[in-house]
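Colleague: Per TrEMBL, the feature S-adenosyl-L-methionine binding site maps to 144, 145, 146, 147, 148, 167, 196, 213. Sequence annotations record features per position, and here TrEMBL assigns substrate binding site to 213, 214, 215, 216. As annotated by TrEMBL, domain 'Release factor glutamine methyltransferase N-terminal' applies to 23-96. As annotated by TrEMBL, domain 'Methyltransferase' applies to 138-201.
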Ligand SMILES: C[S@@+](CC[C@H](N)C(=O)[O-])C[C@H]1O[C@@H](n2cnc3c(N)ncnc32)[C@H](O)[C@@H]1O
């Protein structure tokens, strides 16, 4: 069976009894425990595919329902679950949906599954606008947009901004465009295929904010990642070259040509990279007020600076 996201949903929905589904859930929980997969992932599957809410899943109250609508048959659900167990396919690729901030985003294996820590980039951008008087109205860019998560977050939070989203992958851009359309934000975001700033020459000197979650994992570390990431997420989204910093270094070098004075440079990075990134920004000569912010786990995760 392909990813659910690739499959056509059947024209008529499938029905199972609450008891049948509950029995399947119990078996799936046993399998999850022995495969070291969080039990919450079964809930995610059923929230998407059976329309059950978290409370019904936690209290198992769905067990008493005479019939539950599924988006696929019970045997297809079991097949999807086997792909999770055996091939270690992330559940978001199986359902085709990832929840990020208050958005439901389509995801396919062409895009990185947007991570919870990345959500904070939007708050940092909003804070920069409020506290440092960065222009909220003009041009903001999301370089390496993937699913479009950051561009969508910026367009939604900075209601007067125009957002320019770039990715070198045409497949990723197709997903990002669809997400923007589904959320009614397509008129606020322009999408470009190309490498980093290269398609945005017309914005030189006029950008208020650059936000990016570039590939930042050292090439040799990529090969050691858990199978969910290594086997299923796009390497183009992960591999940051020999020291993991190749893309970030490029963004430090190139952004000054595009940012207006006072414009913000904001990037996500990996644990252990903060000092090197702060040094690059400090020693470049085009930035001021270099700051490092941590994520909710206390890891130094974001670097922010302003164009002099
Ligand atoms: C870590 S992912 C981030 C995706 C998304 N912004 C997010 O935060 O979930 C990095 C993205 O950068 C893109 N990318 C890699 N090299 C690039 C390049 N030279 N120019 C533009 N985008 C690039 C990848 O295709 C991928 O979508």
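Note that Cβ sites are derived from N, Cα and C of the backbone, with glycine treated the same way.
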Colleague: Which of 146, 148, 215 (the binding-site residues) has the most other Cβ atoms within 10 Å?
Modeller: 148
Colleague: Under 6 Å from ligand 1 by C-beta, which of these binding-site residues make it: 145, 148, 213, 215, 216? Sequence order, please.
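Modeller: Among 145, 148, 213, 215, 216, near ligand 1: 145, 213, 215.
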Colleague: Give the maximum pairwise CA distance in Å, whole number, for the residues 144, 145, 146, 147, 148, 167, 196, 213 listed as binding S-adenosyl-L-methionine.
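Modeller: So the binding residues stretch over 16 Å, Cα to Cα.
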Colleague: List the other residues in this chain whose Cβ sits within 8 Å of the Cβ centroid of the substrate site residues 213, 214, 215, 216, in sequence order.
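Modeller: What remains near the Cβ centre is 144, 212, 217, 237, 238, 240, 247, 248, 267, 268, 269.
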Colleague: Can you tell which of the binding-site residues 144, 148, 167 lies nearest to residue 214 (substrate binding site) in space, using Cα positions?
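Modeller: Closest recorded candidate to residue 214 (substrate binding site) by Cα: 144.
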Colleague: In whole Å, how far does the CA atom of residue 144 (S-adenosyl-L-methionine binding site) lie from that of residue 215 (substrate binding site)?
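Modeller: With distance taken Cα to Cα, residue 215 (substrate binding site) is 8 Å from residue 144 (S-adenosyl-L-methionine binding site).
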Colleague: Using DSSP, what's the helix, strand and coil tally for the domain 'Methyltransferase' (138-201)?
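Modeller: Its residues fall into 26 helix, 16 strand, 22 coil.
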Colleague: As a test of the contact definition, list every same-chain residue at least 6 positions from residue 147 (S-adenosyl-L-methionine binding site) whose Cβ is closer than 8 Å to its Cβ.
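Modeller: 98, 100, 105, 106, 107, 111, 112, 113, 114, 172, 175, 176, 179 - these are the non-local Cβ neighbours of residue 147 (S-adenosyl-L-methionine binding site), listed in sequence order.
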Colleague: Could you tell me which of these binding-site residues, 144, 214, has the fewest other Cβ atoms within 10 Å of its Cβ?
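Modeller: Output over binding-site residues 144, 214: least Cβ neighbours within 10 Å is 214.
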Colleague: So of 145, 213, which of the binding-site residues has the fewest other Cβ atoms within 10 Å around its own Cβ?
Modeller: 213
Colleague: Take the Cβ of residue 196 (S-adenosyl-L-methionine binding site) and count every other Cβ within 10 Å, whichever protein chain it belongs to.
Modeller: 21
Colleague: Can you tell me how far the Cα of residue 145 (S-adenosyl-L-methionine binding site) sits from the Cα of residue 216 (substrate binding site), in Å?
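Modeller: That comes out at 14 Å between the alpha carbons.
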Colleague: Under 8 Å Cβ-Cβ from residue 167 (S-adenosyl-L-methionine binding site), six or more apart in the same chain: what's there?
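Modeller: Result: 144, 145, 146, 173, 176, 191, 193.
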